[in-house]
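Here the structure is laid out as structure tokens; the discussion comes afterwards.
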Amino acid sequence: MKRFFNEACDINTPDKSGVNENKLCFPPLKVVCQAPETTVKGQVANTNKHNVYSTKNSMYLLGFEEILNTVLDCEPHIFTDDELRVIENFKALDSDERYLFVRLFMRKRNKWFRVGHLTYPDCKDVIACCKQLVLKNFFEDESLMSTEEIIEILSLDELRSLARQTKVCGKSRSEISKEIIFLSKRQSVLHCNGQQFLSFDAFGVMHKQESFLRKQLLYQCKSCVKPKKILVDLFHRINIVYFRSSIYDEQSLTSLILARLNKFSYPNYVLSRTSNVFNCRAQCLEYVEVLELSKNLVPIFENTAASDKEALEQALNSFFEIYPIWSTYLNEDIREFWVEENRKVDTRLVRFSFSFRPGAVYTYLIHKSLNILAKSRLVEVEHEILDTLLSQNIYLVGKRGHWYNRKALLEYNFKTEDTNVLRYWKTLALSTCENGIEDKYTHLRYYFSLQRRLVRLRKCLKVSNTTELKSMKLINNNPSRLFLHGERIHNGDLSNRTVWRSKTNNAITVEELALQHYQSIGWEGIHAESSILLTLFALTFWDILFEDVPGVFQSPFQSAPLDLHTDSFYISRESTIMKRLEEIRNGKAGLIIKDNYIREHQRKTFCVGLNWSYTCEMLLEIVDCINDNGLAQIFLALTQDYKNSSSGIPDLCLWNPSKKKFMFSEVKSDNDRLSEAQKFWISLLISSEVDVEVCHVSMHKKK
């Protein structure tokens, strides 16, 4: 199935067998949710509903049309009359023509396709369909291709053949392409015998070499087509509206098709497709535009090195370009948000709808640009931006703890020779830490760093601890450490994964080597990383995950609410989450897990993070060994920031049923260091009185 999907969609999909990915899946139309039908004799009947006998019932076409119909039914106000006519024209196409358009639309954007290389068995006549789609203005043909675009789609063998004909030097694709493009700009024509001469048309006008070369290039590649950009943009916008995308993702439709290739059973929840996420067409266009902008800018803001002065300057220019736009959107959105709040509208729906405003994406870009300001050492600008971000609480409220922490660091490190000014800034840093710890939106993952900084500042300023802050629990975050030695195998693998020799002389990973040691001293365990905790979380919070919250279930095929990876998940369900955490502290987690497991296991219901390969007995055994308060704290971190807290969980999950003991172990080989996410989890586990240790594995010392 994976191979078929890769070939169909031209993407490289890594093998994700095992744990479900933390992403939503939306297949279209019907999905078989019941057990297989049986014949009279009790034999399993043929339940394959996905056999494609023509393009009319193709899963690609049916899924695409389901998206179109849903968006047009719910949100027609975001399209112009011309756009609606285009969509109607698309619906009027022959089924083979619609099918071919959808298949090429799903492939790489702005790519030319050689008609002779398109092989779709379900389509009766691909060549005829391409011609019709060109005539009906859905495709562009090779007449609009540039020389560079033609060269790009030719194979290396074809380029080498052309190079021999035109006496062009070069062996690699880049060398030959460069020489051909250079040659095309010359006015003299080079014929196959290597002789150069000037060429004139019937009217005595001199030809350029480019015209001659284009003919040769087009002779090699034959007919080519690609979907028109204006149509691709329109249908991608419809995709974004349908999937309620908060990131720019051109593969949403392919995810939908992948889900349709399987017979998934989805959880029961109340479907609430909203029609007012985008108030008007202009807002939708602005949102899609800034999503595409973020796709380009986020990698620049994240990856630009401080040593690359030119790239850093370009990144700064991008920041200063978007800053005034962000400021305008932010001020407008704050005013409108509070107007909506005062209208007694459901706050949960207000927060959900505001996450699809251009201001939400611009705020995310500004948050990412803090990295560039730090590398550029623009301390005053960064400090001002942090103040502005903290002055609002409608966008990225889950990042407030990070902003407090960074702001306190800038204030603590303020450089001056004046001791009074220095004390002022350190006092300001102290106040920032206190505000951060007291802020109800500060997540657990930021508490520990704020607490440690607060202690250092109090000591530096010689301030007495007169009033204890809420939730203030200072902890020693140094885990116990175990040192093991083993024999490392040099397997020539270029990856960073180390390979070790087991007791039975097999090649194993460093985690498996550590697990063998723990099992030898009485522990049961698995190398699970986040898998066990995410499975326990899904089963414990099932009813809360699929609670009827306005706007978060917009498709009948979701494995999680749309807001799970956002700040809104915790805010919109705070009361029910806190009630569930109290039940967990009172020892009821096992009963909740057992009830949900028994109810959903037969259908293998598709839920985010849930791995049905674990038995109910094993999960209950693990829960019975973890202290109830520790389990509640672990789940609190996941409810506050599921996306980021899903990473960094220690490698090994270990338990001893007879002694009712549980422990996590993070395994490190030589020169491997703890990441920030791993440090957070270790701090959280220690503060929650859940045993955790770091297991260092190194090679045997040579005698």
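Each Cβ is built from the backbone N, Cα and C atoms, and glycine gets one as well.
What Swiss-Prot says about this one:
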BINDING   E529, D651  Mn(2+) 2 binding site
BINDING   D651, E666, V667  Mn(2+) 1 binding site
DOMAIN    597-698  domain 'VRR-NUC'
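A count of other CB atoms within 10 A of each Cβ picks out E666 as the most crowded of the binding-site residues E529, D651, E666. Same-chain residues at least 6 positions away in sequence with a Cβ under 8 Å from that of V667 (Mn(2+) 1 binding site) are, in sequence order, V510, E511, A514, D651, L652, V694, C695, V697. In this model, the domain 'VRR-NUC' (597-698) carries an average pLDDT of 94. Note: the Mn(2+) 1 site is recorded as D651, E666, V667; in the same chain, E511, A514, P650, L652, S665, K668, V694, C695 also have Cβ atoms within 8 Å of that site's Cβ centroid. DSSP assignment over the domain 'VRR-NUC' (597-698) gives 44 helix, 21 strand, 37 coil.
A separation of roughly 9 Å, to the nearest angstrom, links the Cα atoms of E666 (Mn(2+) 1 binding site) and E529 (Mn(2+) 2 binding site).
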